[in-house]
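Dropping the structure in here first, questions after.
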């Protein structure tokens, strides 16, 4: 109930309503309110520095009793400070001299409209007994629920209220937290209800008329929207108005208010559920944030660990290179030192030999010494005094790509997309095609690389992919007529494939509409009338097919003979997509047809002629073709009569409507026709004729 407390407070004084009255603008104020009481309640004097409401004069912009606050001639245009409950109170200006002193102005602080008062002042408005009763019940329930505000566990019932601290205490907390000594000794402790609750001791009065205080309100004026008494009606104030019994209108308005409250209650329930959803989202965001942060730290730590491992590996390689260089140089130093010692010793020996003065003795060893010197000098040949290893390290760490990768390190999509939502208002089926549209769920921020649309076979079979791409709308052509298809779609990104959407069931048309197909027709074929009328510029028979294929259902179409010269024999029927186009329909094993002249007809398939039947065609004649996949049969009609028995049976697969003709014939195609009345799909007699 705490939420409605603001509804129970006067917008002027900020306290609970005391003897509330209803203003014509439907707002309420306290009858006891006056500027003096506002000052006593603690408001600044400047907020209410004007005459008593009962003595205020009227100033209207158009003598209508209403005026805007900025319209007063001498009134300030800036509103006064706020009253205790946060509502601005606008002081009125002194009255213009031309206005009557018998009317007074009341500026309601809520709606900013000026209202007229008569000599009775505020007492001229009706009292709001209902609001008064609600305030009383609310205050009583609130007083009964006063608890200590300082109890640590279960709050105990409060026994006192400190007016200075504005805190409720139980006896134990008062002794512990509010001792009667020191600075707190001057605080005033009062019973909990005192100062917060004003109880009305007088019994509730029956509502009386504001015009006739001795008369009870018993009727309701519909036009004025106010209760009235019998004396008001006798005086003729509401003579032209619709007046109803007060009790009936009371029940009627209660019902209307209950209905309005039901709608508002539904909105409040939705708001509560939405708040629960938002609070759950807060919790989930916090949980997901902690989880995501832990995942991020773990990934970065893994990268750091991998970098440290790689660092150790590279340091090992550097150490090996370092040891290798040192070994080569040290070996060369050792080798060179030995040779240098040997060379130096030889040089010193030779110098000593040169000092000898014995020619014969010198010549005995000179040749050998000369050879040794040359040999030793030769050992210091080219490359001997060249370092075998450079001091520089040839290894260079290429960290540029890695640094660039680290700088580009960013979040990528870590989740698969959510299930798409099918937009039912944009999904539709027409003839043997279906258009489907979908979108990502609202508030979804997950990236989508594309979508996969799947349809079943129209007969309860397995789903198959019919579209893969980034578009969110797709039209699938070439479906079976009179079939029920189930469709679903899912999204995918680099992280994987998401969940399927809800399954949508779509029904293709029971009846087929199609035209002749110029793309598959023989070059000699001539089409007109939006590809519904066909003839030929050759004397040889040429084939043209329809632009729609059938493999399921029952289909019927007709061809009217617009021109028939020199008794040609056109053929009508069905064919596979790879039928021969330069011969009569039925000459190969890809067509099933009836060819007919002006006297008789034959059925033909794979160049085999069967079932000659009397009856031909002429200008204005109609040839009907009925294809029933439920029984796998094909039959023909001429002028609404069946021509011969069932022409072909055991038909399965995909077939196109087809005809063959030459230049002596012109025909027009009619499609989307109902099945002939004489034909019942799925039934036939033993003779093969249709019943």
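Even glycines carry a Cβ here, placed using N, Cα and C.
Just so you know, TrEMBL annotations never went through curation; they're auto-generated.
Grabbed the feature section from TrEMBL, which reads as follows:
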DOMAIN    143-192  domain 'B box-type'
DOMAIN    204-246  domain 'B box-type'
DOMAIN    354-412  domain 'COS'
DOMAIN    416-511  domain 'Fibronectin type-III'
DOMAIN    493-678  domain 'B30.2/SPRY'
REGION    83-107  region 'Disordered'
Report, as numbers and ranges, which residues of the same chain sit near the domain 'B box-type' (204-246): CB under 8 Å and 6 or more residues beyond its ends.
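Distant Cβ neighbours of the domain 'B box-type' (204-246) are 120, 123-127, 129, 133.
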For the domain 'COS' (354-412), jot down how many residues DSSP puts in helix, in strand and in coil.
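Grouping H, G, I as helix and E, B as strand yields 30 helix, 0 strand, 29 coil.
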Which residue counts does DSSP give the domain 'B box-type' (143-192) for helix, strand and coil?
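The counts are 14 helix, 10 strand, 26 coil.
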Mind tallying the domain 'B box-type' (204-246) by DSSP state, helix then strand then coil?
6 helix, 11 strand, 26 coil
